[in-house]
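To keep things clear, I will list the structure first and then write my remarks on it.
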């Protein structure tokens, strides 16, 4: 295919201000050359060099004609594509006039600017569009890529501004229009509260999707499923009855849950502030032991508290009225440890026996006689029970049922009484008066490692995930990484033996023979940069004797002591004036249908 040539005439002149102007006139017949090769230059810098060379020519040669020719050869494009390319280049290389100014005084360079197109642009543009529409999508994309690659950065910016809004899609509005409301709702259901508030303000359609999908209800339900604090609040404040139900007349509209959410957040902030400031409502149970005084162990749920006493008895208390519901007798020594579930109560005593009781009737179902001395602690879960004793041994039991309990293995290695055990599916952890914590494999019962660090005997510990927290008669609490055996932090503050300890995701709560209960910031304790002075959040002093055992949740601590009392420290129901009271009314949320 033959192509004609374009002739370029350059005119140069030097101004007094050292400005160089270049006038470019194009005598055009037919041309297939892009502008970028008119001077044979690949960059602005090369173009400036070329202009300087032209400037250095004698004045009589200031007007020179430069003939440039080029033939477009392409074997990869079809004949139709070549024809279209030829037509487009005709438009793209219409007669133009450019002015390039180079200010040598301040070094600034003004870019090229395109004048208004002339000629038969509209007609030729329509012809290009007609040819373009006949191509396949891949050919169209390939051509546009070639075209864009021959444009300057300034043109790229205009194209980007044009394309940007075209690439944006309001999919939340578009999906319901296609009958896919459930997909839009599912996408927005992953938002947190702040983002959900923002989404409601986008437009009416987004607000409608959120309302029809009951997304505030779903957000609260997700929090209740995953956060114990939310779950506890839903039960205590009675709005759980509006959750986890399909659409019925009893289910409030989305607006109810929208207004409920900030109220819940306010309640949570109040509870956290009560923990930090030590504000609580205190209730006291007088155990009235007949002979020797002291409550060695306890466990509670929403309805009851079960305690093991020094007088050999087990007492069950109503958690609301604080009245004694039942007394279990049978042990001939003090009840030192206990645990219960929905079916049974298991207790260990200084009489060296482990007894299994029916959780409803209180009848003794089984008595295990194995240890030679007092049973100091026990734990059972998922068909496995572990007991430890003053005889320095640990017994691992298979617990098929209350009446079918068999000894699997005896673990020996401690050189003093084993005071406490804990376990999960991976490890059994034991602590002893020999100052060590030993780790054993749950599946094989083989010894794994020893944790050394306490300077005196260890009285208590809890183990969960990778973390072990222990309390000792050296008056300190230590945090350990069970996998590597490293001591992560030492907490100091108690004045006597640390007798009991529990932790959750936020706090460590410890009780000691100094009669004090201390609340520690767990996350700060795990941060090596946190100053030691910031770790203890609050010290609670109400017991008049040694603190033997405690348990806590997001709302309360329940502790027992040598002073023969059980104390309930309630951080949820606190009077508005900050003074403890017997019982403040529960806050409830009620929806009234209209």
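Glycine is treated like the rest: Cβ placed from N, Cα and C.
For 181-219, the entry in TrEMBL reads domain 'F-box'. For 288-327, 328-367, 368-407, 411-450, 451-490, 491-523, 540-570, the entry in TrEMBL reads repeat 'WD'. Annotation comment: TrEMBL describes 1-19 as signal peptide.
Comparing 288-327, 368-407, 411-450, 451-490, 491-523 for CB pairs under 8 angstroms to the repeat 'WD' (540-570), the maximum falls on 491-523. Taking Cβ pairs closer than 8 Å, the repeat 'WD' (451-490) reaches residues 416, 419-420, 422-424, 427, 429, 431-439, 496-503, 508, 510, 512, 520, 525-526, 528, 535 in its own chain, all 6 or more past its ends. Broken down with DSSP, the repeat 'WD' (328-367) shows 0 helix, 23 strand, 17 coil.
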